[in-house]
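Per TrEMBL, these features apply:
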DOMAIN    E:22-152  domain 'Exoribonuclease phosphorolytic'
BINDING   E:R98, E:G136, E:T137, E:R138  phosphate binding site
DOMAIN    E:169-236  domain 'Exoribonuclease phosphorolytic'
6 protein chains.
Amino acid sequence: MIDFPAGFKAPFFRPSSRKADELRQVTLTPGASRHAEGSCLVRFGVTEVLCTASIEGKVPPFLRNSGQGWVTAEYGMLPRATHTRSDREAARGKQSGRTQEIQRLIGRSLRAVTDLKAMGEMTVTLDCDVLTADGGTRTASITGAWVALHLAFEHAIGKNILKKNPLRDQVAAISCGIWQGTPVLDLDYDEDSKAETDGNFVMTGAGGVVEVQATAEGAPFSEEELTALLGLARKGTAELFAKQKDAIRK
Amino acid sequence: MIDFPAGFKAPFFRPSSRKADELRQVTLTPGASRHAEGSCLVRFGVTEVLCTASIEGKVPPFLRNSGQGWVTAEYGMLPRATHTRSDREAARGKQSGRTQEIQRLIGRSLRAVTDLKAMGEMTVTLDCDVLTADGGTRTASITGAWVALHLAFEHAIGKNILKKNPLRDQVAAISCGIWQGTPVLDLDYDEDSKAETDGNFVMTGAGGVVEVQATAEGAPFSEEELTALLGLARKGTAELFAKQKDAIRK
Amino acid sequence: MIDFPAGFKAPFFRPSSRKADELRQVTLTPGASRHAEGSCLVRFGVTEVLCTASIEGKVPPFLRNSGQGWVTAEYGMLPRATHTRSDREAARGKQSGRTQEIQRLIGRSLRAVTDLKAMGEMTVTLDCDVLTADGGTRTASITGAWVALHLAFEHAIGKNILKKNPLRDQVAAISCGIWQGTPVLDLDYDEDSKAETDGNFVMTGAGGVVEVQATAEGAPFSEEELTALLGLARKGTAELFAKQKDAIRK
Amino acid sequence: MIDFPAGFKAPFFRPSSRKADELRQVTLTPGASRHAEGSCLVRFGVTEVLCTASIEGKVPPFLRNSGQGWVTAEYGMLPRATHTRSDREAARGKQSGRTQEIQRLIGRSLRAVTDLKAMGEMTVTLDCDVLTADGGTRTASITGAWVALHLAFEHAIGKNILKKNPLRDQVAAISCGIWQGTPVLDLDYDEDSKAETDGNFVMTGAGGVVEVQATAEGAPFSEEELTALLGLARKGTAELFAKQKDAIRK
Amino acid sequence: MIDFPAGFKAPFFRPSSRKADELRQVTLTPGASRHAEGSCLVRFGVTEVLCTASIEGKVPPFLRNSGQGWVTAEYGMLPRATHTRSDREAARGKQSGRTQEIQRLIGRSLRAVTDLKAMGEMTVTLDCDVLTADGGTRTASITGAWVALHLAFEHAIGKNILKKNPLRDQVAAISCGIWQGTPVLDLDYDEDSKAETDGNFVMTGAGGVVEVQATAEGAPFSEEELTALLGLARKGTAELFAKQKDAIRK
Amino acid sequence: MIDFPAGFKAPFFRPSSRKADELRQVTLTPGASRHAEGSCLVRFGVTEVLCTASIEGKVPPFLRNSGQGWVTAEYGMLPRATHTRSDREAARGKQSGRTQEIQRLIGRSLRAVTDLKAMGEMTVTLDCDVLTADGGTRTASITGAWVALHLAFEHAIGKNILKKNPLRDQVAAISCGIWQGTPVLDLDYDEDSKAETDGNFVMTGAGGVVEVQATAEGAPFSEEELTALLGLARKGTAELFAKQKDAIRK
């Protein structure tokens, strides 16, 4: 065994061996679904989510005759997307609180960059189904769903249903956390379950924040730490925005 | 009609006529429930929530034989707590996504300041039932639930079930938002529905942040705005901590 | 220990120390809800029920285009209204048989004194939510709901929606039971759980009976006992009618 | 047109042409189910209910290790038991409030004459399924379920599971109502839907009352009317008790 | 004990003592329900199913304004139709997979011989409720439901709603199986639970096959065995068609 | 327009341009799931199903202490696996009858070739989730699930949980149908929706039939047609068995 001098401080090592501000390998594969008007298979490392955008020519009751459209999302996880099998929500007969929380977040995030009035009375439903889970499924979902939504709107333009794309900006999301006192970007499952603080940041291409959700799992965090996480998120989403642009160009 | 000179900029007015950093009148009435081990009726202006803490001598399956306790929360709203009657969730047969999101937040917030190991294998369930809703029901719930939980633990000490109170710190919550470009504290319903950004901040007595949830309803917000909201929240929760201390002394 | 002579018959004592024909202290506080068109907080001793009346400008499908209105009720209990916490019905996903039985009784009782044709096509929903339970929650609900309903109709008159109040009479309810062989009025929880017979009587201001539900918990009861209970109920509801009149005058 | 003298009072005619105190033809056929431990097909005129009693060697959780048994009931109606088809409750996914009310009443009525302690830790479930409905299904159910329960206990005696029959008395039920001002016995569907007052009376062989439920559908009723209904019920159940005795002798 | 020579092969004995190609005693009693437009009580030995056909003057949404009718089925079992009591599906809050599978099969089978266009926009719902179960409940249901459907259409002709009966042919069903290596007709419960292969065959009067469902419970079966089962089914349904003709003539 | 001579009979063309006895391109990709003990991504043309096998060290209640294992299946479809979006079953709160029918079939098919006693008290759950649907999802599921199950058992052998693979044989399934009078193999969605008869055949490697389900969508079919379909199925499954063997060798 190596004999360390007293006071030796180990260099920083994330379980994933990534640098503190390093994303996992992210790929966005457009057109991954055969039938959907828009789709994207998004991978953040091992995490894999299939995002499809389905257009329907009607709106929920509260928007009827408003001339305005709607964007909504549903989220699901295959039972064996996880390390040990989870119950199938359809068999249990209800969606968990976590599922509902996530699908509400995805819907809100996409509506934040969509000109609903420019859509006319149509609804786009984003289905984000997790094929493999390894942390960050909600942020991957938002990031991939934006691509699917963009492509669905382009599809509608091709069909002469829309004149121009109602998306006003890009939106992407990334998780950040504090791991052994250090703010780190894009937590995988292992890191997430051990992080002291865990946050999800949804940001726009123009640099604005759409949503922040940060939770202390262990000790409370400070304003400085929140600011550091936000800085990391800004860096991470900048990379995601570039990948989104590539994906819609394909 | 008054003839204003060009460029006149109206002074800042909140719909509630409160100053930007002014809480509504907050009261915390301990012992509001006849039967519960601990309870608190909390009012933030017109908003009124009855918080009860119920002790049960067993834990959920995942904690059995762990020697550790559990703190959990349920949230509900009387059908006519709101301006127009809402459906009764028991009659509809399920809790909404919003309800589940809120009760998960309340539970997490209280566990963040509780030494679960010091509880032994008991469960405390916090029921937060909104009698009148006028914005800020979730933050009022957290603030009042802490008082109810404290009193329930004191009750257990009085019954020789616990030696000392397992609460390590206080926890309280407040909403902040950006209203006509100005960060303001403690939004009521009117303000909340018109705010550009709306956030909930859960903080500890020691000044740490337990949870931040901030959402842009209209335009995205900036890092500076988030910091300003956090500053307001710190001021607001400081006042709430003082009121909590008064309440448990009664 | 005192040495009683053989054949000594103890004087009658109710657990509550009340006389056989004595109501608990009853208060009816009108306007207890901020938002409802009509409301009343009713207390029968410790039992406490918030009754709200909500007006909606439409009727159930079976009354559409009938020119007739509808009065219906929903009943609920806060989880910790009871000595030990009960499951939240919204979380369990269904209302118990007891809950449904009670809300059907409340609705029927109020419709018995309402001129539904005089309402036009509106629905009034009475929500009766038990804040503290100590026996007699369904009879307190009916008694308080009448006040809430009356006030809601007055509110509609004030808004020029109705010309006159469609209530034809008062309705109130009280429980009676047989306790150690003696008929007694207005059972509290303790008395109720030990009574041999337990009945609920719904009566009108004009002295008619709208509903009788009497159940032998132990030995069956006789016709004479039923008549005695009805007599007590008549006395009790007479006092309740006076209190209702006071409440709507405030 | 016949010219009636002023003050002519039409003789009393029930829609069914029965006398005021006349039951419909009642038959109780024991052993109507091939598999059940006890069973009875009960007919009140056209109304037809199959009652089965099923014995299981365990009790609900609240009675475990109490040495005491339990008697409970479930009630159902075939979708086309009624004039127009009703929804199937299994397909709708829940039992109506009416169904739950009735099955609770059946269970209570039978427990009132059963010595639960003498049963040991067994449960008997009475299933009362309405094959044809023409009014009075709940009273027919109680009357027939007593026969099924008696036979099931006899079956258990034959199997040496019980030493003696735990039934302390008979129980039967009948509806009565006020029809055009006259109290009448055993309402069929037509009469029931036009009656001013409608009541169900559950009585024991020894002449005691187990349960009274009387509801004014139109005008409230008086104490005298309630007494008259009870008198009719006593006469009607006397006939039912004789038929029950015949049925268990077969 | 009798001493059999080696190689002795026992003669074939079914548990029911029936010949391999012998049906149980089958009776079809038309008009068994008082209220339904068409009905039939069908018995296959001990198995007893009440089939009712209810006509409604509307169609499901997917057929609105198509000028075409619909035939559908629901299936249920009384809790004590079986040897030991089964849960009531209405109380459990959902229909089992088996129930849904059977009711879909019944509906498909009847639609196969109905000219839906000739019905106009009406729906006939077949309710098949098992009063006693002893194997073959789904095949008895189909066989009896055809009679009920036929009678309901005749009823509609009598009411001048239809001009001619939209049934193009008869349909009946029977189970067959392989028992100790021998193909046998019409399995009862005992035989069914021990059969190596179990199949249900739905056939038309003209000799066509509408549906085959054959399952190997033990060893897989061969093409020859399937053909043998189909031959038995043809013989069995020929007898059922004759009985159906008798039933609709009554 | 071409002038065909009278009596000209067009050559046979399937919509898919395949020969009558030609499978779509089938691929079986083992190990497609990161976390599952066994998995297979199966493609039949465009149809794509992810099959995972999850091992759990316990059995359902009816098998406890029997020393025997269990194999079961669940089936689901991503909402946009289909041409137009289908409702998410988890959001609707229940699985459709079709879903239940399919998952029961998959489970039965795999149990038919598994030595449950050789498994010991473990359960393997096969999740078959359809990513893209184009006809034949249930037969693809069975075919792929066998590979997943085989690999899961091999995994258990590698972990010393099992000594040998409890699979006694292969099982695979294929659909066949009658299209314009001609029996054809492996229907895609287009063909399936136009076929007169549609059947699913589950067969074993040894050539036995495990399950046949054949339904006439239009005209009834004959014994000869059923035999022809079975012959096609035998040819098709022979090719599938070869592909399964390749897949488990990878």
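Cβ coordinates are placed from backbone N, Cα and C, and glycine is handled just like the others.
Small disclaimer: the values here were computed from a predicted structure and weren't measured.
Residue counts for the domain 'Exoribonuclease phosphorolytic' (E:22-152) under DSSP, split into helix (H, G, I), strand (E, B) and coil, are 45 helix, 41 strand, 45 coil. Mean pLDDT for the domain 'Exoribonuclease phosphorolytic' (E:22-152) in the predicted structure: 96.
Remark: E:R138 (phosphate binding site) has E:Y75, E:I102, E:L105, E:I106, E:A173, E:S175, E:N200 as non-local neighbours, by Cβ distance under 8 Å and separation of at least 6 in sequence. The maximum pairwise C-alpha distance among E:R98, E:G136, E:T137, E:R138, the residues recorded as binding phosphate, is 13 Å. Other than the site residues E:R98, E:G136, E:T137, E:R138, same-chain residues with C-beta atoms no more than 8 angstroms from the centre of those residues' C-beta atoms, the phosphate site, are E:Y75, E:I102, E:V130, E:A133, E:G135, E:T139, E:A140, E:S141. Taking a C-beta cut-off of under 8 Å and a sequence gap of six or more, E:G136 (phosphate binding site) has these contacts in its own chain: E:R24, E:F44, E:T47, E:I174, E:S175, E:D186, E:L187, E:D188, E:D192.
Taking the Cβ of E:T137 (phosphate binding site) as reference, residues of its chain lying under 8 Å away and at least six apart in sequence are, in sequence order, E:T47, E:V49, E:M77, E:I102, E:C128, E:V130. Residue counts for the domain 'Exoribonuclease phosphorolytic' (E:169-236) under DSSP, helix first, then strand, then coil, are 20 helix, 30 strand, 18 coil. Counting every protein chain shown, the Cβ of E:R98 (phosphate binding site) has 14 other Cβ atoms within 10 Å.
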